[in-house]
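Here is what TrEMBL records for this protein:
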COILED    50-80  coiled coil
BINDING   206-213, 288-292, 352-355  GTP binding site
DOMAIN    373-386  domain 'SRP54-type proteins GTP-binding'
Amino acid sequence: MGNFFKNLFKKNKDAKIEKPEEENMKNLEDMEEEEFLSDEEIEKLIIEEMDQEDQEIQESNEIKESIEIEKEIVKDIEQEKEEEPGINNEVEENEVETKGSFLKKLKDGLFKTRKNITEKLNSVVNSFKSIDEDLFEELEEILITSDVGVETTMRLLDGVRKRVKEEKVSDPKDVIKLLKDEILKLMTENVEPQKDEYPMIIVVMGVNGVGKTTSVGKIANRYKKAGKKVLIAAADTFRAAAIEQLEVWSNRVGVDIIKHQEGSDPAAIIYDAINAGKSRKTDVILCDTAGRLHNKKNLMEELKKIFRIIDREYPEAHREVYLVLDATTGQNAITQAKVFREAADITGIVLTKLDGTAKGGIVIAIKSELNIPVRLVGVGEKIDDLQEFNAEDFVNALFAE
C-alpha cells in the first residue's frame, strides 16, 4: 500500500514540491511531461488496492479460523484421550460398565427436560383430588409447552383417558404411571431393530450447526470399535471446515477418508468412495453431506444426485439414511425432518445435544409425527457419548425420581 501512495503522490498534479528554487523550473517541466491520473482513475486504483487488502485480510482470517477449529478439535481429542479408561480384558464387564455409565449420563442429561415435564406433571396431579377434564387440560398444556407437540399430546392423553375409564382409575397420582406407559407404547410401536448387514453405506444429512460432522466421526468410531472396516466420504464440500474436521476425526479413529477440495461435486466424492470401498473390502462407508437448508432447491437436487449414484454404483450395499437433529431446537427439528424427507427415505434419527435442553419432549414427537425411529442419541461431547437409543431407558430416565 505504501508504494502505491508514493507513486500516486508523484503523479498527483497538486503535490507540493519542496526543492530549491533553481530546480523548480526543471521539475515542473518534467511534471508537465508526465501523464496525470484523472480523479476517476485515482479512485479506481484506491478501490482496487483496498479490495486486494480486504481479500488478503479475509484469507488470513479464514486461515486463522481453520487453525483455531483444528486446535479446538485436537485439544478436545487430547483431553478425551486422557480421560478414556484403560482397556479391560473383561469384555462383558466393560460393556456393563459402559451401559451403566451411559444410563447415568442419559438420566443426568434429561435433568432439564425432567424438571420441565415430569416435575410439573407431578405437581399438577398432586393438586387434584379426582380425575376430571380440568386435570387433563393442565396435563395437555404441560406436554405441549414441552415440545411434545399438539398432535402427539392429544394421542397420548386419549390413551390415558381410555385406560382411566376401562380400569376404573380414580387416584390422580396414577395418571402419571398411565402416561408413562402410553409414551413407552408410542415409542416402541412399529420400530424394527436396525439391520447390520454388510457392506453398508450410511448417508448422514442435517443442517449446519446440529453436530452432523461430529456425529459422522463418532459413528465411525462405533463401527471401528465393533471391528468393522470403515471409510468416510467427506461430501460436505460447501464448508472447508467440515473436510478438515473429518480429516481430524479419521486420523483419531483410525479410518480412511475420501476427500476432494472445497467446492467439488459431492456426488463425485461418493462415487470415488464407493469404488475405494469396494477395492478395499470396506464394511461401512459413511457419507457426510452438505446442510444448506436456506438453499433448499440446490440442496435437494444435490442429495438426489448422491442417491442416484449409490443406486447405480452400489445397489448390493445395505443402505441407511440418518438425519441429525439438534434436540435444543425443539419443534423446529420436526420442520427440518419434513424438508429432508422430500429428498430421501430417512431410516433413522441421530439426536444430538439432548443433555443441554429442556425440550427433550421432541424425542416423543419425532416418533409420533414422523414415524422415524431415533437410532442414536448424544448426551455429551466425548467420543463415546453418542450411543444407541433405547426407548425404555429414555422413558425411565424421563420419569426418574
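Glycine residues also receive a Cβ, built from the backbone N, Cα and C atoms like all the rest.
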Quick check on the domain 'SRP54-type proteins GTP-binding' (373-386): DSSP residue counts for helix, strand, coil, in that order please.
0 helix, 6 strand, 8 coil
Far apart in sequence but close in space: which same-chain residues, 6 or more away, have a Cβ under 8 Å from Arg292 (GTP binding site)?
Asn208, Phe238, Asn298, Leu299
By the 10 Å Cβ-neighbour count, the most surrounded of the binding-site residues Gly206, Gly209 is Gly206
Ordered by sequence, the long-range same-chain Cβ contacts of Lys212 (GTP binding site) under 8 Å (at least 6 apart) are Val204, Met205, Gly206, Asp236, Asp288, Gly291, Val324
